[in-house]
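These notes are about the structure you will find just below.
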Amino acid sequence: MEPSLLLWGILTFVVVHGHVTELCDENPPDIQHATFKALTYKTGTMLNCECKKGFRRISNGSAFMLCAGNSSHSSWENQCRCISTSPRATDGQIIPKPEEQKGKSPMGMQSQMQPTDQVNLPGHCREPPPWEHEDSRRIYHFVVGQTVHYQCMQGFRALKRGPAKSVCKTTCGKATWTQPRLQCLSERSDGWFPDDEEPQASTDAALGSDTSCPSITASTTDFQRHTEVAMTTESFVFTTEYQIAVAGCVLLLISIVLLSGLTWQRRWRKSRRTI
């Protein structure tokens, strides 16, 4: 991985025209036999400039495209450019092969078709335009507030138990995705796949935990445990110091008594000799 991409990947916030936008920590959840797509992209969303095998980004080219703008107009900044890795190719020479792009969708899991009621949503960008020699799969980095929609793969039909979408939200101080309520059945079978009931249980569990903050509870419990351990240690130290102090006082008292006894004995002997 290139240093610029590594540094950029470590960041969890991105600045877009004076506004700080929080990136989602993870990718949208995977649903068995289903794919997801974003109809539009919130400002702050980033798309990696990936090239297909045999090509690479130009040395002075951008590592990603950025959806930037305001509530009235948003668009994709930067341009992705790929060149051949052949020794005869240079950074200033782009080798166009438009015939390779025909009939091929560069979206991977996402579709480029946009509904008419979503393309001009304020504060959002349309699907980024394709570039020459683009990789077959696009890698997005979404921001809080982004919504992705799910649909079953070809050969499967949807059994909706709720909204077939996922939204990136901030929960318990962490940007996470909500769990979509969607399950996909095979069109050639009236029954479930053997492994389809487990995802359903996990879906219900995930939905029930959206409003809870187990991490905070765990942190509080750990803090209480550390506090109790600290108090116990302090009590032990205090008890030990107290015992040492008492023993020292007893030794000092015994020493004083012995010295007093010796002094009195010497004086008594002197007075007896005088008599």
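Quick reminder: no glycine exception, Cβ is built from N, Cα and C everywhere.
Not measured: the values here are computed from a predicted model.
Sequence annotations record features per position, and here Swiss-Prot assigns compositional bias 'Polar residues' to 108-118.
Neighbour count (other Cβ atoms within 10 Å of the Cβ, all protein chains): 23 for Cys24 (disulfide bond). For the recorded site, Cys24 (disulfide bond), the DSSP three-state label reads coil. What Swiss-Prot records for Cys24-Cys67 (among others) is disulfide bond, and it gives sequence analysis as the kind of evidence.
Its Cβ taken as reference, Cys49 (disulfide bond) is surrounded by 23 other Cβ atoms within 10 Å in the chains shown. Swiss-Prot lists Cys49-Cys80 (among others) with the feature disulfide bond.
Annotated disulfide bond per Swiss-Prot: Cys51-Cys82 (among others), in sequence order, evidence recorded as sequence analysis. In sequence order, Arg57, Cys82, His133, Glu134, Asp135 are the residues near Cys51 (disulfide bond), counting only same-chain partners six or more apart with C-beta under 8 A.
Under 8 Å, Cβ to Cβ, and six or more positions away along its own chain, Cys125 (disulfide bond) finds Thr40, Tyr41, Thr43, Thr45, Cys67, Gly69, Ser74, Ser75, Trp76. Annotation source Swiss-Prot lists disulfide bond at Cys125-Cys168 (among others), citing sequence analysis.
For the recorded site, Cys184 (disulfide bond), the DSSP three-state label reads strand. The disulfide bond feature in Swiss-Prot is assigned to Cys152-Cys184 (among others).
Other Cβ atoms within 10 Å of the Cβ of Asn60 (N-linked glycosylation site), summed over all protein chains shown, number 8. For Asn60 (among others), the entry in Swiss-Prot reads N-linked glycosylation site, with the evidence type sequence analysis.
The N-linked glycosylation site annotation in Swiss-Prot covers Asn70 (among others). All protein chains shown were included, and the count of other CB atoms within 10 Å of the CB of Asn70 (N-linked glycosylation site) stands at 13.
Swiss-Prot lists 1-21 with the feature signal peptide, giving similarity to another entry as the kind of evidence.
Here Swiss-Prot flags 22-243 as topological domain 'Extracellular', drawing on sequence analysis.
For 263-275, the entry in Swiss-Prot reads topological domain 'Cytoplasmic'. Counting only same-chain residues 6+ beyond the ends of the topological domain 'Cytoplasmic' (263-275), none has a CB under 8 A from a CB of the stretch.
According to Swiss-Prot, the transmembrane segment annotation covers 244-262, on the basis of sequence analysis.
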Taking the Cβ of Cys82 (disulfide bond) as the centre, how many other Cβ atoms fall within a 10 Å radius?
22
Which one is closest to Cys49 (disulfide bond) in space, judged by CA to CA distance, out of the recorded positions Cys24, Asn70, Cys152, Cys168, Cys184?
Cys24
Going by DSSP, is Cys51 (disulfide bond) part of a helix, a strand, or coil?
strand
